[in-house]
Amino acid sequence: MTGDIAETKQCQLKDPMDLFHSGQVVKICAPMVRYSKLSFRTLVRKYSCDLCYTPMIVAADFVRSAKARDSEFTTNKVGDHPLIVQFAAKEAQVLCDAARIIYPFADGIDLNCGCPQRWAMAEGYGACLINKPELVQDMVRHVRNQIDNPRFSVSIKIRIHEDLKKTVDLCQKAEATGVSWITVHGRSVEERHQPVHYDAIKIIKQSMSIPVVANGDMKTLKDAENVHHLTGADGVMVARGLLANPAMFAGYEETPLKCIRDWVDIALEHGTPFTCFHHHLMYMMERITSKQEKKVFNVLSSTSAVLDYLNDHYGV
């Protein structure tokens, strides 16, 4: 975890709720395993992304192990705000303990109630929590009681039930306990690539008085604007669309070369591991390279080889 406690006085913490009160649709980078780390967050913030989440962190490991804290969470004092740290948790006190550790460095926490992966569900994390509204309430209430700062946000990210009444009930219970906003991925736990139920997000939004963020299948700024109009959501959260085009929120249809150049600079400055550096480029260049070029580029195995390739083919 970068920055020690003594330095946090200069941390430029921000109130994420200010974004929701701005009257603009809040543009959010989703929590993505391996990908939404500091270097990528730095990149998307250059291209009109308002709010970033860390990848999901298992709260129990984070509390227990300094090694986990150092590898899972990095930030910096100035540019990486507002920042939401997303936790997987199933016990109120464990979530509180994790929240208190990151409190000096971040602007809020998010409880993951949407991850459909088998391992997470088996451990009692993620999407199985949508069937435990009292437990979700308990976790939110604990954090609210133990972190005595109304500007520190506590949000949840959910999937929907087949029976939407259950989802509305969950959301209203969470709201009553002091949740700052709710992000809704408009699919059920079983659904993977089926169309997103934007109508469900609209119904949830109409049932709440706190902000609701829509998540699922937005590839362009136009998509995000359409989803906002369809659902009335206060914010849009994007995952794969931003991986493919980190400049999406700034209105670019595909990744501009300037963005690729920015990524190279940021990744080198941050000491981003090669695999991560390379994978991001593979995503970013997906739409702008031919099959033949991909065959060559995707098997490059060193930073210098990648830099040479970008220089030779794109003048980057």
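Cβ from N, Cα, C; glycine included.
Feature annotation from TrEMBL assigns domain 'DUS-like FMN-binding' to 29-293.
Positions annotated as FMN binding site by TrEMBL: P31, M32, V33, Q86, H185, A239, R240.
For C115, the entry in TrEMBL reads active site, proton donor. Counting only same-chain residues six or more apart in sequence, the Cβ atoms lying under 8 angstroms from the Cβ of C115 (active site, proton donor) belong to M56, A88, M121, Y125, G126, A127.
Around the Cβ of R240 (FMN binding site), 15 further Cβ atoms fall within 10 Å across all displayed protein chains.
Mean pLDDT for the domain 'DUS-like FMN-binding' (29-293) in this predicted model: 97. Cβ neighbours within 10 Å of P31 (FMN binding site), excluding its own Cβ and spanning all shown chains: 25. Long-range C-beta contacts of A239 (FMN binding site), restricted to its own chain and to partners at least six residues apart, with a cutoff below 8 Å, comprise C29, A30, M32, N215.
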